[in-house]
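The structure under discussion appears below in the form of structure tokens.
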Amino acid sequence: AKTTPPSVYPLAPGSAAQTNSMVTLGCLVKGYFPEPVTVTWNSGSLSSGVHTFPAVLQSDLYTLSSSVTVPSSPRPSETVTCNVAHPASSTKVDKKIVPRDCGCKPCICTVPEVSSVFIFPPKPKDVLTITLTPKVTCVVVDISKDDPEVQFSWFVDDVEVHTAQTQPREEQFNSTFRSVSELPIMHQDWLNGKEFKCRVNSAAFPAPIEKTISKTKGRPKAPQVYTIPPPKEQMAKDKVSLTCMITDFFPEDITVEWQWNGQPAENYKNTQPIMNTNGSYFVYSKLNVQKSNWEAGNTFTCSVLHEGLHNHHTEKSLSHSPGK
């Protein structure tokens, strides 16, 4: 995918919606590639009450939203600006968020919806492990306390299914609510590229909101896995780092875990998949261990799950050799 700058849209309630002492303003950053973008409010001077949601990848482009809750009086229209920066395209956009005034009292005017809907893919480990259940997740955020319940409908290749598990809505720290629906899916349905659609409806929405997701299209390519022992310069410290480099794989869905003498290890961190110039991806994983455990000759194993691999799994081990 080529570098694409974002489009930025202000999200503001109408004056009729500003009945309490606070008002939530939003900023939708849509259709950019690659990650990341940064969103600040009033060039960073406004940080309290800010909630920026994770980016979602659809059709090879990213979308995210950010909201800020501010006092509704005095009117914030002169002071609230959403600042968006996309370094990859050298794009900087400033959008002033102006609450709409419909000029009619006490009528209710049509306003942009502040609620946002996101759809998330199943975890790669769930898709590639036959004993686990992969799930596609649909999340609605920024639901007002006074809004009616939202209804979820799910479709697989445009055929409605009724097996989703919808949780009661949960109150968030900013006094809005979040509603989540999870659809258990068949492993092969995801791997074969079927399309999953979440339709969200509510009396508070002017129209249903639909989000779709499917596996990234393209021929799977198995990763190459390399393990790297701690550098000599680190051996003077109490803790050392073992590195696993996983490269040249496609699509980006991958699981990387570590074991220590066959038991799950926890003290590791993975990077997000990063695109190579040829369209494949690479990931680094770092496991921190006590130097004494490394020097004792314990075996540390980097375990990788990816659909391009034989049996979807491979692993590489490393251990300290005396005298090295």
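Cβ atoms here come from the backbone N, Cα and C positions, even for glycine.
Going by Swiss-Prot, these are the annotated features:
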- 1-97: region 'CH1' (REGION)
- C27-C82: disulfide bond (DISULFID)
- 98-110: region 'Hinge' (REGION)
- 111-217: region 'CH2' (REGION)
- C138-C198: disulfide bond (DISULFID)
- N174: N-linked glycosylation site (CARBOHYD)
- 218-324: region 'CH3' (REGION)
- C244-C302: disulfide bond (DISULFID)
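Known features from Swiss-Prot, placed on the structure.
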residue : record                      : Cβ within 10 Å
C27     : disulfide bond              : 26
C82     : disulfide bond              : 26
C138    : disulfide bond              : 27
N174    : N-linked glycosylation site : 16
C198    : disulfide bond              : 25
C244    : disulfide bond              : 26
C302    : disulfide bond              : 26
Between C27 (disulfide bond) and C198 (disulfide bond): CA-CA distance (Å)
22
How big is the Cα-to-Cα gap, in Å, between C302 (disulfide bond) and C82 (disulfide bond)?
42
Determine, using Cα-Cα distances only, which of these recorded positions is closest to C27 (disulfide bond): C138, N174, C244.
N174
Reduced to three DSSP states, the region 'CH3' (218-324) has 13 helix, 55 strand, 39 coil
By CA distance, which of the recorded positions (C138, N174, C244) lies nearest to C82 (disulfide bond)?
N174
Integer Cα-Cα distance in angstrom, C138 (disulfide bond) to C244 (disulfide bond)
33
Taking only the CA atoms, the spacing between C244 (disulfide bond) and the residue listed as 'N-linked glycosylation site', expressed in whole angstrom, is 40
